[in-house]
């Protein structure tokens, strides 16, 4: 079982100005730097074997600050900039306010298939997502060692990712999903998933793509959730602190007394 941490970048200047700035302009704010460092401190004992980031400055900077606090051997070449996990291009709404974009989106009746004029289509974004998932699957399947993968990306990209998984039930078997999870998109939140290694598989990776959605962590607030991909599911919220080893079951207990039985493990709800 390998682990993947999907992280949204820290607060950016565009977030504070409520404006869709260009990637070069939209750097981390002071708060965003602090958020990234705090998340790094929370994950300081996690040694990442692979680090992927959107090529946008706000995402790369977030990854750098996370790694600066962790035990991962930090070098500039540790972070792989991957254009497949960049934010969706908004066409005529680039450099406009998020309020204008939200108004245009609502005017469509909240149609996720809507494409901003000159922007990326939903299908184009999903092609990028599938390409990235296949590469991650290949990494997990290569060699005998477990992988711990950090992925720093964007809010809209992650929403597209979850919708993509949910709509492809023949390939991604999700259970116990709640629509509220799509709203957990604060800066430096992360979604932790486990991915099962497949032996001797051909390319592309065959179905089903077997994963377990373990936890959502949002700005130091843990939200209980579980998604399983046709394997025994584990609901494993981590302790509200830096943990020593993500594979150590002693770190899989929450702090509350309310316990819910999930499969062969006790998942504690925080």
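Positions of Cβ are set from backbone N, Cα and C atoms, glycine also.
Taken from TrEMBL as is:
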type	residues	note
ACT_SITE	9	active site, tele-phosphohistidine intermediate
ACT_SITE	87	active site, proton donor/acceptor
BINDING	8, 9, 10, 11, 12, 13, 14, 15, 58	substrate binding site
* Give the maximum pairwise CA distance in Å, whole number, for the residues 8, 9, 10, 11, 12, 13, 14, 15, 58 listed as binding substrate. => 15
* Asked: So, in DSSP terms, is residue 14 (substrate binding site) helix, strand, or coil?
  -> helix
* From the Cα of residue 87 (active site, proton donor/acceptor) across to the Cα of residue 10 (substrate binding site), what is the distance in angstrom? -> 14
* To do: Counting Cβ neighbours within 10 Å across all chains shown, tell me which of the binding-site residues 8, 58 comes out on top.
  => 58
* Structure fact -> residue 8 (substrate binding site) falls, by three-state DSSP, under strand
* Structure fact -> Cβ neighbour count (10 Å, all chains) around residue 9 (active site, tele-phosphohistidine intermediate) is 28
